[in-house]
Amino acid sequence: MSKYIVVTGGVVSSIGKGITSASIGRILRSYGVNVTAIKIDPYLNWDSGTLNPYQHGEVYVTDDGMECDLDLGHYERFLDVELSGKANITTGKVYSSVIEKERKGEYLGSCVQIIPHITDEIKLMIRNVAEKTKAEVVMVEVGGTVGDIESQPFIEAVRQLKNEEGHDNCMFVHVTYVPYLKAAKEFKTKPTQHSTKELRGLGINPDMIVCRSELSLDANLKEKIAHFCDVPIEAVINTPDAHSIYEVPLIMYSANVGSYILNRLNIDTATNKADLYEWSQIVEDLKIETPKVKIAVVGKYIELEDAYISIRESLKHAGAANKVHVDIDWIKADNDFNIDILKQYDGLLIPGGFGERGINGKIEAVKYAIKNNVPIFGICLGLHAMSIAIAQLNGYPDANSTEFDENSTCPVIDMMEEQKKINNMGGTMRLGAYPCKIKEGTLAYEAYKDTNISERHRHRYEVNNEYRDILTSAGAIISGTSPDDFLVEMIELENHPWFLGCQFHPEFKSRPNKAHPLFKSFIKAAKNKKQNQK
């Protein structure tokens, strides 16, 4: 039987509920507990696939092809697990399921209401994940802030969940923010008190309060919060701003979060001590300041780093694996893009994206890397930019993608045939994990040390097979394909120190303890370039 830890948030949004959930999960995993995680997003969208990255950040893709909230990326990286798309519950999914059941007559003529039908569906979705994963503990993060009208059905559902599962099988962790007023030189606990009061007014008494803050809170402040929020002082946990998000599990473990939760939920473990040695080593490796490599991410949505959060984290993982510090600069690939700015970098990365804006800047960045032997890594749209650049530099100046010019006379990149028949936008791309066959003697093979891999995809466009010969005659190496050789999955370039583009998204499979092979190889190449310049 699974036990549930529900994480709610108060005071402000983006407070760190996802990192808190992931950190608690990491701590429990280090005790040998089987943990999974769920993210509840209280928006009416069915999934994250059509959301603006400027507003919502990265769209994370699971193996089973669900477009999800970026917090699932935190869960997978911290817990080192592969989650199902069912781990992302949205209001859209809940209402769609309830309406479908109503149309089928499954409610036997009842007046369908928020309570009990919507709340029952929410609980069913949570329990289905628990049953499928056989997890001992299920982390359930409720998105938004306590008091939001959108979150109310979910708050009511998890309140009911605790009553039905029992006190020993469900607990609540409330994440709040304790602001520091520099003028007064003091912390203010009133927002935390009011947020907890709001939660208790909805029928939920938190078992633990996690206080986010810029600086560390002293014992007197913790005692004050414990007194006014009616929790034991040992259940008031402070997580001040850290050098790295990967430090948070260590901070929480040092505050005895693990033992408190194990006792609160009556969980028996094979050991009384968590094994966080490997995690501690990762944190130390991430603190390395020298040697240093500079990487430019030439992208479209660079104003919000969360739009490329998995790429950022993957670069950090690869830096730790190569014992170097990775300095990341975010370069906007717009019309006024100055190519000379790239001279200072040891490597370039062209991330995925959609639409024409910024594509010319990305193509020019690829050409710069080709002409100057700079290591360059292209992901999804990055592979498209690489293919177009190779063609343009080798006698096909009009090379383009039909994504940007439907009437292109040299469509090196074209929409996949099966995609041309699709009208709906959401959930209709080539999504999820697909196998890839790697050619021996290539950079890809050197990185993976395998000829058969699986990676996650999110795209509608591919290299046009009619232009394969043109690309290979220009020095391109097709180093990865679908098992039937029909789809180009990876491309490299002869006589270049490190030039690799992939149609898939390797950033979704990188872990702090297992840097993705391609990112690891890319950073190694950037490190070599810097060393050879000395």
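Glycine residues also receive a Cβ, built from the backbone N, Cα and C atoms like all the rest.
Among Lys39, Lys123, Lys222, Lys224, the residue that Swiss-Prot places alongside Ser13, Asp148, Ile149, Glu150, Lys188, Thr189, Lys190, Pro191, Thr192, Gln193 at the CTP binding site is Lys224. Site annotation (Swiss-Prot): ATP is bound by Ser14, Ile15, Gly16, Lys17, Gly18, Ile19, and the candidate from Asp64, Asp69, Asp71, Asp80 recorded at this site is Asp71. Cβ contacts within 10 Å of Ile149 (CTP binding site), excluding its own Cβ and spanning all protein chains shown: 8. Per-residue pLDDT, averaged across the domain 'Glutamine amidotransferase type-1' (294-532), gives 94. Within the set of recorded positions (Asp71, Glu141, Glu403, Glu507), the lowest number of other Cβ atoms found within 10 Å of a Cβ is recorded at Glu403. Listed in sequence order, the binding-site residues from Ser13, Ser14, Ile149, Thr189 having a Cα within 10 Å of the Cα of Glu403 (L-glutamine binding site) amount to none. With respect to Cβ neighbours within 10 Å, the recorded positions Lys17, Lys188, Lys224, His505 differ, and Lys188 shows the lowest count. Rounded to a whole number, the distance between the Cα atoms of Gly18 (ATP binding site) and Arg460 (L-glutamine binding site) is 30 Å.
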